[in-house]
């Protein structure tokens, strides 16, 4: 038994304990720092014990057991035994009770229940009747002192000498050697689901209870404010209760895509699409990403879906796009996220080609903070690129796409990259229609650059995506760390100022080669003048990992002279250089919806399924790879 | 005095347990994937309406239970299941307990456990999916009354003199508690069957006994705390409840702890140390 595989509960009212640990290790169960069963007496159990205490009235008189031999319940503390002891009557009682709910039952006639008990027979009952002290004499209170007393006397009773030489049969059935093989594949699959779901259940429940306790104590703090009048206090209480209640309803409800009306498809990728949707129940607007399960499965993206779900679910950062809930059906995984109407940085770069140094400074500074936030959550993004940098209503940056949208996530598979580096060009089939002449190792040809720019979006949507921003250590397989995201930052900054990413080539194969040979291929075009500090910062980021700025943390980057005068702490509060101008909550001006095929993937898949005559999976959330994917955030689900 | 052959002197004797004792009563196999005070997960948040909390717990525990049932109940490709009419001709929990359904003539009938569980599942999900019993509309949500803060007691919100019941203001029906008690009782029987008939085959072999223990002990703790199970209904699993009170799974102060026979639990712990 690995102690690290254990969850620890007991967080209750001791907020000091959980404050520090709560965030840092979001997915590992071993990090709840509580000792095993710490002072059970003082836990939150008492604090939150529901009020009803129905059994306290029933101390029976001492003759009870003598009069009612044959009771099957005779081993219970007597106050819990039913008042009458006939076996037959007992059965009737059960029957009567259970028939009631059956009356409005859809399966009338079947679903009634009744308990039949084969009692031990007269001999056993008699031996019990003759037995020594009745359990009813046991101190009833749960207080530890009483219990210990009892235990002490009991122990001495047990310590009586045993007939030591009598051969005895074992007390317990011997445990056989475990043999999971003797069960079928389905049972073994279900074993995995079961194990995972049970762990997830406790992990999620602990997290929710913790957060609930925090909300509770915040509310109590508000209530204890002496300036609060009675009406306001009542309001606080009621709102608190309703909000918790709505969340509980949300938890026990299965969400489904039909609950949302599609307004527009705002993005399409190899693994799915992103739609602007409106929840039918309350007209709230969201971005709904739907990922095609079979594609995810084929392309080996499952771990990455999970990683993305985890990071988004854990994060509460203004720099990370907010995930409200995830759900699934037979064909898709759905992620319901906040809609960021400003579009993405890729679209901005396509539109403006280059940014001034001031505007670049703003975006790069914000991206530094965003990457820092992700790193603080314990994640390496590994795929920072303009497509994944979204702009919110105010034009500020948020990161998205933690592990999806493109195929560059076989990050641990060194062979995959080695093949790409050594082998032949691997032009993906879905890009053959946008064949462009190969761009040479040193890009200088403006016309070709423009071609590249035109194919930019197509590339972003392809399975293979663009490797332009990925750090070389990820390809070469010698290991990578947090600083690989700072390399990506350097390449984005280059693109903002120069107009194309430093290693761009028409073919991914060439891009890889250029990135790995960055010492030769990093080239600042002569016709574009960069500030000395800007170029220095880029060169400090696009370099070998030993010398890379940010290796010791984001503060070194923030301290670079390029950012002189930038106030990082208040950056998100200043006005962005570009603020989206929106006419409504569902304005998609900043998304290239004209260029996106507005046919829903669901429609396509349904048509395919009908054509293939495929049966639909019965319980989609139970298909093994997607176990535990479902997530529900407390906030903002039910505004 | 301290022998293990089921003499009346043994505090466990009253349970008429098979000897040697079932594997799941061995403290070494009564362990968990979680440690700590489970009450933190069962206790109703103060502001939350009691009906809402019960509904939440019903659904959570039903989902948990079904994770285990699936293992014994779902067909392999060749159509076989671990729990079948041969392995479990009755819905039993040891030799002393078996459970029957009422047929449409309201007669109790014995069914193979597999059929029983199928019916149970259909019946429970019929309840849980019924909007009239388990409403899900976010607008219908209420809160718990707190005499020191909320001034309008629940009953006065409607006509005075109208009957009141748990969950009324949140839209739960009058028989809601009764329905939930029945669901909990049914789920308890299934758990009891899993322990008595399937603990070793397959859960132990599949390394799931700790998961089963954690989910079932949380179930018992919650069901007792919310009065969804009466103490006498725990009988088929009483020795395990005793053991969990003794090994700290059920914290003092919880009803499950109060319902335990502590001497029996201590005895099992002691046997576990000897073994």
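Glycine is no exception: its Cβ is also placed from the backbone N, Cα and C atoms.
Where the annotation comes from TrEMBL, it is an automatic prediction and has not been curated.
Given the structure is predicted, the values throughout are model-derived calculations rather than measurements.
According to TrEMBL, the protein has these features:
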- B:83, B:88, B:193, B:198: Zn(2+) binding site (BINDING)
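The 10 Å shell around the Cβ of residue B:193 (Zn(2+) binding site) contains 26 further Cβ atoms across the protein chains shown. Taking the mean position of the Cβ atoms of B:83, B:88, B:193, B:198 as the Zn(2+) site, the remaining residues of that chain whose Cβ falls within 8 Å of it are B:72, B:82, B:87, B:113, B:114, B:117, B:194, B:196, B:197. The DSSP secondary structure for residue B:198 (Zn(2+) binding site) is helix. A simple way to gauge crowding: the CB of residue B:198 (Zn(2+) binding site) has 22 other CB atoms within 10 angstroms, across all the protein chains here.
Cβ contacts within 10 Å of residue B:83 (Zn(2+) binding site), excluding its own Cβ and spanning all protein chains shown: 24. Counting Cβ atoms from all protein chains shown, residue B:88 (Zn(2+) binding site) has 24 others lying within 10 Å of its own Cβ. Under DSSP, residue B:193 (Zn(2+) binding site) is assigned to a helix (H, G or I) in the three-state scheme.
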